[in-house]
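Contents: one structure, followed by commentary.
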Amino acid sequence: MLVLLLLQSDGQHDLCRIVEGREGLLPGEGALSEDMLKKMISEADKVKTHAYCPYSQFRVGAALLTTDHHIYTGCNVENACNNLGVCAERNAMAKAVSEGCRSFRAIVISSDLCEQFISPCGGCRQFMREFGANWDVYLTKPDSSYLKMTVDELLPISFGPEDLSMKKLQIQNGH
């Protein structure tokens with residue numbers, strides 16, 4: 001189902017994006033129950049303790065909920081060759097994909113930051129976007145407070161798989 005998402009408006013001009021929505025849900029709807037959210041925060045906090053981060057000492061955990069209600073977790077794994085490290089969010093998504101799941105409902109990200117909410121890096125934002133723009137991201141603090149956003153809010157005016165499909169259609173039609 002395609003949904004028209006209003007990104008910005010100045011009163012005369014609207015900046016919109018067409019995104020793929022979940023059937024029966026509009027952007028921002030379909031929030032997790034408090035029990036499910038508590039469980040996911042707990043899972044993200046638990047897996048964070050397994051983080052391998054000898055260089056930064058910055059532990060991150062993620063709990064990913066699929067649309068069929070499975071939870072996959074991941075932690076960050078650093079490497080002496082810095083660009084070979086894996087973020088917690090991508091680790092959780094890769095686990096889900098390797099098990100055949102590609103439809104996500106929400107991800108909770110946990111760290112030891114107290115003054116601000118943890119926020120995914122640009123690479124993780126784009127990686128999340130690969131699996132849709134209209135699913136929820138919960139940015140947390142150690143006290144279990146959270147900020148809920150969508151992937152599209154974290155990465156507005158983004159590039160995704162449907163952009164490649166549109167380009168292919170234009171090429172095939174000779175445009």
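Including glycine, each Cβ sits where the backbone N, Cα and C put it.
TrEMBL entries are annotated by machine, without manual review.
Within 10 Å of the Cβ of E89 (active site, proton donor) there are 26 other Cβ atoms, across all protein chains. Annotation source TrEMBL lists active site, proton donor at E89.
For C87, C121, C124, the entry in TrEMBL reads Zn(2+) binding site. The number of other CB atoms found within 10 A of the CB of C87 (Zn(2+) binding site), across every protein chain shown, is 21.
Across all of the domain 'CMP/dCMP-type deaminase' (35-162), the predicted model scores a mean pLDDT of 97. What TrEMBL records for 35-162 is domain 'CMP/dCMP-type deaminase'.
When the alpha carbons of E89 (active site, proton donor) and C124 (Zn(2+) binding site) are compared, the span between them is 6 angstrom. DSSP states for the domain 'CMP/dCMP-type deaminase' (35-162), grouped as helix (H, G, I), strand (E, B) and coil, give 42 helix, 33 strand, 53 coil. Neighbouring residues of the recorded Zn(2+) site, listed in sequence order and excluding C87, C121, C124, comprise A88, E89, R90, P120, G122, G123, R125, F127 (Cβ within 8 Å of the Cβ centroid). Sequence-distant neighbours of C124 (Zn(2+) binding site) (same chain, six or more apart, CB under 8 Å from its CB) are C87, E89, R90, listed in sequence order.
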